[in-house]
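Let me begin by presenting the structure, written as C-alpha cells, before commenting on it.
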C-alpha cells in the first residue's frame, strides 16, 4: 500500500509542529515515570553498598528477581493504555474508565498472588539467579521484605495505562517522583537507624510502592466518581483484561530471555567480556528508556485515533512517529559513538575492559537507528492492542536469535571482539527481525481492525 500522501492531503507545517509538541508533552513525563523503578533500586544500592559486599550482592540478586517479575506484568500497562485510549477516542469515556478500573483490580489480585508465592519461594528464586551462602541469605532477606510491594507496583502499571489512555502523563510523573523521593528517607531510616540492613532497604521500597499504588487508586477513583463509573470488581471484565494481556506476557518473556542470553554468552567469554558487556548494556538500557517513552506516546495517540475510526490520522501518525524513532536513533547513536572513548573510563580503570567496552559501544551506536524504528512500531501495534501478532512475531524473532547468540557465546573470542559480536547479534539479528516482522504488519490495515 502507498503511504505517501498527495499534496492536498499533506499536513500543514503548523499541524506537524503541533503533533511534535503533543508527542513531546507525552513522552517527556513518560520518561520520568519509566525511571522511577530504576531510581528506587539505585537509591537502595547506594545505601546498601556501605554495608558490605554480601549485602550488595544480595540486593543485586533480589532486585533482579523482583524486576523480572514486575517486567513480565507490563501487559497491565500496555493493554489498559490501548483499550482505554480506544474507548476514549470513540467518545466512550465511561467504558474506558470502567476497563481501567478492572485492570487495576486484576493487577491487585495478581500482585497479592505473586507476593505470597515469592515470599515462600524466595530461597528457590535466590538459588536460580546463582547465589549461595551469605549472598543467598541477603537476597532472601531483601525479597521477603520487598515482595509485599508487588501489588502496589502492579496497580501503578495498570493505573499508568488508564492515565496514558486519557493522555495524562503528568499525574504518573508526579506520583512516581514523590514515591522515588520518599523512598530515600524511608530506606535510610530502616537500614541505618533501625538497623535492619538489606531488609530495611526492601521494606522502604515496599512502602514506597504501596504508597504509589494507593495514590493512583485515589486519583483514578476520583475521576471515576465524577463520571459515575462503578469501582466494584467485575470478574467478567477482569478475565477479559487478563486474556487480552496474556499474549503480551509471551512477548515480554521472549524479550527477557533474549537479554539473559546475551548475558550468558558474555559470561562464557570470560570476565573482561562480561564486565564490558555490563557497561555496554547499561548504555543500551539508558537509550531504550528514551525510545520507550516515545513508544508510550505512540500507544496513546494511535489508540485514540483508532477509537475515533480515523485511519487517515493513524497513517499520518505512523509516518510522523517513524521519523521521530529514526531521528532519535540517529541522535542517540551519534552521542554514544562520540562519547565511546570517554564512557568506559567512568566505570573501570582496567585497560582490557576499557578497550572492549569502546568497541562494544561503537557496535551499539550503529544499531540505534534500527532500535528507534522498532520501538515506534512496537508502540503503534500495542496502541492498536494487536497483542496476538506481537506475541507470535516476538516468538519467531526469539527462535531466530537464540541459535545466533548461542554460537556467539560458544565460538566467540574473549575481549572486544566477543562484545562486538554479541551486540551486533542483538542489534542486527534480534532488532532486525523485530523491524521486519513489525514493519510488515504495519504496512497492512489488518491490525487497525483488531
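Using the three backbone atoms N, Cα and C, a Cβ is placed for every residue, glycine included.
Unlike curated records, TrEMBL annotations are generated automatically.
Taken verbatim from TrEMBL:
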type: TRANSMEM; residues: 23-43; note: transmembrane segment
type: TRANSMEM; residues: 55-78; note: transmembrane segment
type: TRANSMEM; residues: 99-121; note: transmembrane segment
type: TRANSMEM; residues: 141-161; note: transmembrane segment
type: TRANSMEM; residues: 173-194; note: transmembrane segment
type: TRANSMEM; residues: 200-220; note: transmembrane segment
type: TRANSMEM; residues: 241-263; note: transmembrane segment
type: TRANSMEM; residues: 283-303; note: transmembrane segment
type: TRANSMEM; residues: 324-347; note: transmembrane segment
type: TRANSMEM; residues: 359-377; note: transmembrane segment
type: TRANSMEM; residues: 389-408; note: transmembrane segment
type: TRANSMEM; residues: 420-440; note: transmembrane segment
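Tertiary proximity for the transmembrane segment (173-194) is limited to same-chain residues at least six positions away from its ends with a CB under 8 Å from its CB atoms, namely 29-30, 32-33, 36, 39-40, 43-44, 47-48, 51, 156, 200-201, 203-205, 207-209, 211-212, 215-216, 219. The highest tally of CB pairs under 8 A with the transmembrane segment (359-377), across 23-43, 99-121, 200-220, 324-347, 389-408, is held by 324-347. Recorded stretches compared: 99-121, 141-161, 241-263, 324-347, 420-440; the one with the most Cβ pairs under 8 Å to the transmembrane segment (283-303) is 324-347. The transmembrane segment (23-43) is not in contact with the transmembrane segment (389-408), judged by fewer than 3 CB-CB distances under 8 Å for residue pairs 6 or more apart in sequence. Against the transmembrane segment (55-78), stretch 241-263 has more CB pairs under 8 A than any other of 200-220, 241-263, 324-347. For the transmembrane segment (241-263), same-chain residues at least 6 beyond its ends with a Cβ under 8 Å from one of its own Cβ atoms are 68, 71-76, 78-80, 83, 99, 102-103, 106, 274, 277, 281, 382, 385, 387-388, 390-391, 393-395, 397-398, 401-402, 405-406, 422-423, 425-426, 430. Outside the transmembrane segment (200-220), and at least 6 residues removed from its termini, the chain residues within Cβ reach (under 8 Å) are 36, 40-41, 44, 47-48, 59, 62, 97, 100-101, 104, 141-156, 159-160, 162-163, 171-172, 175-176, 178-180, 182-183, 186-192, 194.
For the transmembrane segment (389-408), same-chain residues at least 6 beyond its ends with a Cβ under 8 Å from one of its own Cβ atoms are 247-248, 250-251, 254-255, 257-258, 261-262, 265, 378, 381-382, 418, 421-422, 425-426, 429-430, 433-434, 437-438, 441, 447.
Panel annotation: around the transmembrane segment (99-121), residues 65-66, 69, 73, 76, 79-80, 83-84, 87, 143-144, 147-148, 150-155, 157-159, 161-162, 165, 216-217, 220, 224, 229-231, 233-234, 237-238, 240-242 of the same chain, lying at least six beyond its termini, place a Cβ under 8 Å from a Cβ of the stretch.
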